[in-house]
Every structure is written in C-alpha cells, then in structure tokens.
Amino acid sequence: MAGRRLAPAALLILFVAAAVTPFSSAVRRVSDAHRSAAAELFASSADGSFGDLESTYEAVRTFQILGVKDKSLTGKVCKFAAEKLASPASSPAKDLFHAVRISGALGCSVDAGVYDGVVARLKAVIKDTNSLLEFYYSVGGLLSIKVQGHNVVLSDAESTFHSIKALSQSDGRWRYDTNSAESSTFAAGIALEALAGVVSLADAEVDPSMIGVVKNDIVKLFDTIKSYDDGTFYFDEKHVDADEYKGPITTSASVVRGVSSFASVVSGKLNIPGEKILGLAKFFLGIGLPGSSKDCFNQIEALSFLENNRVFVPLILSLPSKVLSLTSKDQLKVEVTTVFGSAAPPLKVNLVQVLGSDSKVITSEKKELQYDRENNVHYLDIAPLKIDVGKYSLVFEISLQEVEQETAYATGGTNTESVFITGLIKVDKAEIGISDNDAGTVESVEKLDLLKDSKVSLSANHLQKLRLSFQLTTPLGKTFKPHQVFLKLKHESKVEHLFVDFLGLVEKFYYLSGRYDLELSVGDAVMENSFLRALGHLDLDLPEAPEKAPRPPAQAVDPFSKFGPKAEISHIFRAPEKRPPKELSLAFTGLTLLPFIGFLIGLMRLGVNFKNFPSLPGPAAFASLFHAGIGAVLLLYVLFWVKLDLFTTLKYLGFLGIFLVFVGHRTLSYLSSASAKQKTA
C-alpha cells in the first residue's frame with residue numbers, strides 16, 4: 001500500500017535467505033551452518049520481536065558478516081532507517097545510532113543535510129549527558145557517519161574522554177553513570193568502544209597518559225576473566241541487578257568489541273595473554289548455534305572482531321572427522337584456520353601424546369603431521385601409532401614457522417581433541433547350553449555362529465541356568481569388552497525379559513512356562529560390526545503361579561492395528577417365510593396385465609388415425625419425440641416393477657417429465673395454431 005511504512009519484522013523476514021544445513025556444537029570455525037541458523041533465528045521471530053531499530057541492525061549486521069545478501073530488499077530497509085534519520089531532533093540517541101549503522105552496513109544513500117542534523121543532535125547529547133550509554137550511542141553514531149565518508153570532528157574529544165573515563169573502577173569495570181552504585185563488565189566493553197570512537201573523532205591527539213591508564217584498566221579487566229578446564233575463557237558479571245545482567249555471551253561480546261576497537265586506534269600493543277584471546281574464541285565457537293537472535297548476533301560479531309584484531313588473531317585447531325576407522329585405514333586430518341576459516345600462516349602441527357579414556361598415556365612419541373597445501377589440512381597415518389579401537393584424547397602442538405608471527409597469532413601451544421578409533425571386532429568361540437545350578441555341569445552345549453542367525457532348541461526348568469559364552473577380539477588381538485550386551489527372551493505371549501538365571505527369577509518371568517525366543521544384542525560405539533542375532537528358542541518349565549503372584553504387564557497396543565483386517569463375522573440368517581404357490585403368483589401377475597389388454601382392445605374398437613399428425617418436418621419431429629417419451633414412461637414403469645427401486649425410478653421420471661413438457665408444449669402449440677387457421681379459413 002503506497003505511503004505505508006513496512007515494519008522491521010516484515011523487512012527482515014524478506015531479508016533472510018540462507019539454506020538449512022546440519023550443525024554441531026563442536027568447536028569448529030564459522031560455516032554455512034551458522035548462516036542457516038542465523039536465517040532461521042531471525043526469520044522465526046516474525047511475531048514482533050523485530051519491532052525496533054536495534055533488532056533490525058543486529059540482523060543486518062549478522063547477515064553482512066556472514067555474506068548473506070539480498071539487494072532487492074536493501075532499499076526497503078534503508079527507507080525504514082531513513083524515516084528515523086529524517087527527524088533527529090525528536091529521536092533518542094539510541095535510535096539514531098542504530099539507524100546510522102544500518103545505513104552504513106547497507107550502503108544507503110543519505111543526504112549530507114540529513115547527516116548534518118544527526119551530527120548536531122548527537123553532539124548536543126554528548127555535551128549534556130553523564131550516562132555511559134548515551135556517550136556510547138552518540139559517539140558510535142558520529143563515528144559511523146565519519147566512516148561513511150562524511151567529515152565529522154569531535155572538538156572537545158579530550159573532555160569527552162575524561163568524562164567517560166571518570167566512570168571506570170579500579171578493577172577495570174565501569175559504571176553506567178555517576179549515580180550507579182555497582183560497576184559492570186558489560187559496561188566496561190561499551191566504555192572501551194566509546195573511548196575508541198572518541199580517539200578516532202578527535203581533532204588532536206588524546207593525552208597519551210590517559211591512553212596508558214586505559215590500557216592498564218584493560219589488563220585489570222582481563223584479570224577477572226573466568227575459564228574452564230579445556231582452555232575456554234569468558235567474561236560474566238559479578239554483582240549487578242537482575243535487570244542489568246546480560247549473561248556470558250553478551251558480556252564477553254561487549255568486552256571483545258571494546259578491546260578490539262580500542263586496540264585498533266592506539267599505538268603499541270595491549271598486554272593481554274594470547275591464550276586468553278584464544279580462549280574467548282573457543283568460547284564463542286563452542287556455543288555452536290545459539291538459540292536466540294541476540295546471542296547469534298553477539299557470537300558472530302565478536303568472532304568477526306577476533307578474526308582481525310591488533311591484539312592476537314586466534315588460530316583454531318579442529319578435526320574434520322573425529323571418528324577414524326582402522327578397517328578403512330583412515331588418516332588423521334587436522335585443520336588450523338582463523339575463526340572464519342581463513343588460512344593460517346606457515347606452521348607445524350605435531351601429535352605429541354595419545355591418552356586413553358582413563359587418561360593413561362598410550363604413546364608420547366612425537367609425530368609431525370604432513371601438510372596438504374591444496375586442501376589446507378595436516379594429516380597423519382594412524383596405523384604406525386599402534387592404537388587399538390576405543391576413545392582417545394590426542395594432544396597436538398602448534399608452532400609457527402616465522403618468529404615474528406608469534407606476536408600476531410595465538411595458537412595456545414597445545415590443543416587436545418577427542419577421537420573414536422573404530423574397527424571390526426572378531427567374534428568366535430560362541431557356545432550356548434543348559435547347566436545345573438548347583439553342580440554347574442552342562443547337560444547340553446551347542447556351537448553358535450554369531451555371524452548369522454541360529455536355530456538352536458533348548459529346554460530348561462527353574463532350577464537350571466542358561467549358559468552363553470563367546471569371545472570378542474580387537475584388530476590388535478586384545479580382548480574386547482563391549483559397552484552393551486543383551487540376551488532377550490521373548491515369550492510366545494509377547495512378554496519380554498533380559499534375564500539368564502532362572503533360579504529365583506520365576507516371579508520376574510511371571511511364572512509363564514512355554515516357548516521363549518532368544519535374541520543376542522552386542523554393540524559398542526567403536527565396534528563396526530555390532531550385531532543383533534536370533535539364537536533359536538528355549539522351552540522353559542516354571543512352577544505354577546501362587547495366588548498373589550504378579551501378573552504380566554499389559555502389552556502395548558499398536559495404534560495402527562485398528563486399520564488392519566477385521567475378524568470374519570459368522571451369521572446365520574433366519575429361515576425365509578413360507579410363500580404362496582407359484583401358480584397363484586402367476587395368476588395375480590396376469591390380472592395386473594388386464595388393464596393394459598383392455599387399453600389395446602379399446603384402441604382397436606375405436607380405431608387409430610394419423611389425420612392430425614403434423615406434416616411439416618419440425619412439428620413432426622417434436623410429435624414423434626412426445627410419443628416416444630410417453631413410451632419411455634411406460635417402459636420405466638415396467639423396469640420399476642422388475643428391477644429399479646423407487647428413488648431411481650423417480651429420478652429418471654423427473655428427467656423424462658421435463659423432456660415431455662418441452663416437446664409436448666411444442667406439439668400442442670402447433671396443433672392449436674393449425675386448428676385456428678382451419679377455422680379462419
């Protein structure tokens with residue numbers, strides 16, 4: 001509809017365009033799965049959660065970073081932002097901040113005069129406020145306008161820098177304003193981002209001593225960072241009100257944005273350990289695919305800052321596949337890239353240790369992985385390692401080949417990844433038999449081939465034991481103990497059990513004697529030939545059930561069984577009533593024909609002539625059809641008597657009646673006209 005503004009929700013639903021792909025929560029670089037998840041998260045919020053400029057910008061910025069584009073909708077989103085920029089005097093700094101950033105992200109065309117009004121409004125806010133958020137929105141908006149090519153200078157940058165710095169605390173955190181009693185880690189992030197903007201907008205160099213103080217505050221802030229045992233680092237709030245709590249993702253993203261922005265505008269290097277920057281990258285990648293659009297934006301934008309920053313660029317070690325098969329002779333492959341998958345500088349990857357599932361050292365022989373330049377992967381044959389099937393922890397060491405790169409990239413030294421080594425398990429020496437409970441002597445033993453189903457037939461009572469044995473061997477000849485082994489006994493009444501010792505278990509068998517089908521299940525995550533085999537059947541003789549013995553549970557009813565074939569219904573109809581003799585029935589049938597015979601006799605006595613039958617072709621045709629219709633009605637009466645039911649007869653009679661009215665009217669009209677002409681003559 002012309003002149004009507006589209007809601008941000010509608011714009012963003014149209015703006016989202018990405019394919020859906022499977023995803024994993026493993027620490028892997030940003031991939032198409034993130035693009036798909038972002039599209040789903042923002043599109044699924046079409047119930048009004050995109051009703052403000054902030055959410056609109058977060059969607060636009062997320063898709064910009066991920067490379068999701070739709071030029072046909074850029075104009076609509078730009079128009080939505082322009083409506084807010086058109087009236088800067090009545091708009092809060094927050095809305096102007098997001099509208100300007102939307103225009104910058106999409107490359108919207110904005111008149112210089114419009115931006116002049118926005119600049120004047122934001123500078124006025126900076127002059128009159130003592131709120132950290134107002135400083136953040138105003139400085140950020142001015143910086144975005146400058147980045148878009150407009151001349152923007154903050155003449156009182158030194159004063160603004162001091163005003164923001166005055167809100168800092170001794171532990172590196174910031175307050176939101178002078179009236180705030182508590183400080184915040186999230187606030188520290190936006191404060192550092194605002195200070196970076198002030199430095200960029202300043203018409204002269206900001207006091208270097210103040211820059212040094214802020215650098216020291218950043219070091220203190222990183223002293224409060226939290227960590228997990230796997231080397232993941234993150235920021236979280238300490239003591240803030242419930243309405244100010246942002247959560248680890250939002251808080252960590254704020255610090256990453258602030259620190260990266262500040263490091264990009266000041267000289268020298270920040271004194272932050274590389275493993276903490278790498279740990280933050282692992283934190284955001286370890287999230288996998290967030291469950292909300294806000295977390296998705298914070299994750300993707302924080303990773304984009306980590307992808308290219310002046311502190312340390314984290315390098316992520318990942319395994320394309322964490323399941324390696326001894327049977328297929330799979331190679332161990334390792335990728336080392338930035339968080340967005342860019343190639344790493346020249347480096348070496350060594351496998352320094354292999355640990356078992358119990359943390360026992362399997363091997364500590366150092367093995368250098370070969371580098372495949374074409375596919376950008378490091379690889380190693382696992383056969384020479386002499387490791388068997390199972391779960392292992394592989395410890396890798398990354399070393400940069402150029403020393404000067406060590407100040408630019410964070411590798412973390414050693415990285416640990418878990419893998420599963422799978423293989424074919426040899427199954428042999430399988431036997432099944434019945435033994436006495438006390439003596440243990442075996443009455444009957446039968447060999448089994450567990451590579452296929454068997455059909456053994458056994459019988460036992462409640463005083464005996466069922467004995468089943470087999471041996472599993474790994475590819476390296478070691479005894480293998482699978483994670484799951486089940487022997488299922490299924491009674492002919494469909495009641496199932498997983499027991500093998502009959503003595504004392506008769507109650508759990510519900511005293512059900514009879515035939516039991518035997519099935520053996522053996523499985524493990526590293527066993528490539530897990531199996532389910534039918535072994536045969538067992539005739540079990542159990543004692544009579546006592547009066548208060550438990551009853552078998554009711555068997556589940558198949559919900560589709562009601563659609564199956566029903567049982568045949570057997571029914572005997574009652575004997576037919578006695579009918580009159582055949583001769584009597586024929587006599588009465590003849591009587592019903594007497595009126596018709598009388599009609600024919602009458603015609604013969606009176607005589608039939610065709611003097612008034614029309615001679616012209618048209619009227620003659622209608623007259624013939626009229627008489628044929630009467631004949632059809634008479635024939636329909638006969639059919640009703642011998643074959644048709646009442647409703648079918650009435651249906652046909654209705655059609656014939658309409659036909660007779662039409663042709664009869666034409667015939668009678670002609671006869672009437674002909675009679676009138678004769679009288680006139």
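One is the number of the first residue shown, and numbering goes on along the chain from there.
From the backbone N, Cα and C atoms, a Cβ is placed for every residue, glycine too.
Taken together, the residues in the domain 'Ribophorin II N-terminal' (31-307) have a mean pLDDT of 89 on the 0 to 100 scale. Look at TrEMBL and you will find 31-307 tagged as domain 'Ribophorin II N-terminal'.
According to TrEMBL, the domain 'Ribophorin II second' annotation covers 315-420.
TrEMBL lists 429-540 with the feature domain 'Ribophorin II third'.
Among the features that TrEMBL reports, domain 'Ribophorin II C-terminal' is placed at 573-672.
The signal peptide feature in TrEMBL is assigned to 1-26.
Positions annotated as transmembrane segment by TrEMBL: 584-608 (among others). Within the same chain, no residue sitting at least 6 positions outside the transmembrane segment (584-608) brings its C-beta atom closer than 8 Å to a C-beta of that stretch.
Summarising the annotation, TrEMBL assigns transmembrane segment to 620-640 (among others).
Residues or ranges marked as transmembrane segment in TrEMBL: 652-671 (among others).
Counting same-chain residues at least six beyond the ends of the transmembrane segment (620-640), those with a Cβ under 8 angstroms from any Cβ of the stretch are 613-614, 646, 649, 652-653, 656, 659-660, 663-664, 666-667, 670.
Remote same-chain residues near the transmembrane segment (652-671) are listed as 612, 614, 616, 619, 622-623, 625-626, 629-630, 632-633, 636, 644 (criterion: CB distance under 8 Å, separation of at least six residues from the stretch ends). In the domain 'Ribophorin II second' (315-420), the DSSP tally of helix, strand and coil residues is 8 helix, 56 strand, 42 coil.
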